[in-house]
Amino acid sequence: MDEISEHTPSLWANDEILQNWFLMGSPVPLGLLLASYWYFVLQVGPSYMSKRPPYNLTSVLAVYNVVQVLFSLRLFSTGAYILGTYGFFPTECSGDKYSEAHLLSLTGIYYFLLVKIIDLLDTVFFILRKKNNQASFLHIYHHSSMIILTWLSLKHEGNVVSIVFIGTLNSLVHVVMYTYYTLSAYPQFTKYLWWKKYLTKFQLAQFVILIAQLVLEYKFATCKPSYILVTTITLNLVLLIYLFSIFYIKTYTTKVKTNKTEKKSDDEVLLERLLPDD
């Protein structure tokens, strides 16, 4: 029994380090933040805007998109350094929570969490622009689950180097996506945005690559990531592959569209938000 306990990480493997980090000491602050977000986008925001005209946030969104590109670039460069230095598959579980690899990985994933929290502004902007149909259940779930899974990974995963790849690849995709959003706001750049279709393929490839990396690492790495986290993240990625595949088929394979004025479903609206608009 002692031998088993020695090799089984505690529920909160990184508590000793993270205890004094913003939002990391307890699940309560993050829970309150998410509850406030849900309350605003589902009730307070729509009620407040019901008798008001939509806000013109063109300038705000232009700055927001550029800032997102810069944040994502920084996260990608940090993740690339960690992966290049320590490898994609940790070869051993050192158990040293204060090793350079562990601390650098914790810091990188923590900043990734903060950027995912900033991403919640996407939904806030929808409400303020009176695009309430875009703040669908799946859209809110997508943003919320990213935050929750990242927080749990930070707190629970003793081998955080193993999950750096997820944030690194996702940050690269966001660099490209928010670059597209930035350029699409200017009509003079529209003719150069022919690569939207390939961006959709890039996003689908991201999900497949992440699943492959998680499965291969859990099967072959000497120091394996948590089974629970691997399973949860993989199931979430499978769902995203399904949704994005439907969008791709409808948008690029099926050319005939019935009624363009027909109201779109929440799922379709979510996917059109996750993917850039022309």
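Glycine residues also receive a Cβ, built from the backbone N, Cα and C atoms like all the rest.
Residues 110, 113, 117, 120, 123-124, 127, 140, 144, 147-148, 151, 154-155 of the same chain, all 6+ positions outside the transmembrane segment (20-40), place their C-beta atoms under 8 angstroms from a C-beta of that stretch. Residues annotated as transmembrane segment in TrEMBL: 20-40 (among others).
What TrEMBL records for 61-89 (among others) is transmembrane segment. Within the chain, the transmembrane segment (61-89) has long-range Cβ neighbours (under 8 A, six or more residues past its boundaries) at 101, 104-105, 108, 111-112, 115, 118-119, 121, 125, 161-162, 164-165, 167-168, 171-172, 174-175, 178-179, 181-182, 185, 213, 216-217, 220-222.
What TrEMBL lists as transmembrane segment is 109-128 (among others). When Cβ-Cβ distances below 8 Å are used as the criterion, the transmembrane segment (109-128) is approached by residues 18, 21, 23-24, 33, 37, 40-41, 45-46, 49, 54-55, 57, 60-61, 64, 68, 71-72, 74-75, 78, 134-135, 139-140, 143, 146-147, 150-151, 153-154, 160, 163-164, 167, 170-171, 273 of the same chain, each at least six residues removed from its ends.
The transmembrane segment annotation in TrEMBL covers 135-154 (among others). Remote same-chain residues near the transmembrane segment (135-154) are listed as 14, 18, 23-24, 27, 30, 34, 37-38, 41-42, 106, 109-110, 112-113, 116-117, 119-120, 122-123, 126-127, 160, 163, 167, 229, 232-233, 236, 240, 243, 266-267, 269-270, 273-274 (criterion: CB distance under 8 Å, separation of at least six residues from the stretch ends).
Taken from TrEMBL, the feature transmembrane segment covers 160-181 (among others). Away from its own ends, the transmembrane segment (160-181) comes close to residues 14, 61, 65-66, 68-69, 72-73, 75-76, 79-80, 82-83, 86, 88-90, 101-102, 105-106, 108-109, 112, 115, 150, 153-154, 193, 196, 199, 202-203, 206, 209-210, 213-214, 217, 221, 223-225, 229, 233, 276 of its chain (Cβ-Cβ under 8 Å, at least six residues beyond either end).
Under the heading transmembrane segment, TrEMBL lists 202-221 (among others).
Look at TrEMBL and you will find 227-249 (among others) tagged as transmembrane segment.
Tertiary proximity for the transmembrane segment (202-221) is limited to same-chain residues at least six positions away from its ends with a CB under 8 Å from its CB atoms, namely 88-91, 162, 165-166, 169-170, 173, 176-177, 227, 230, 233-234, 237-238, 240-241, 244-245, 248, 274-275.
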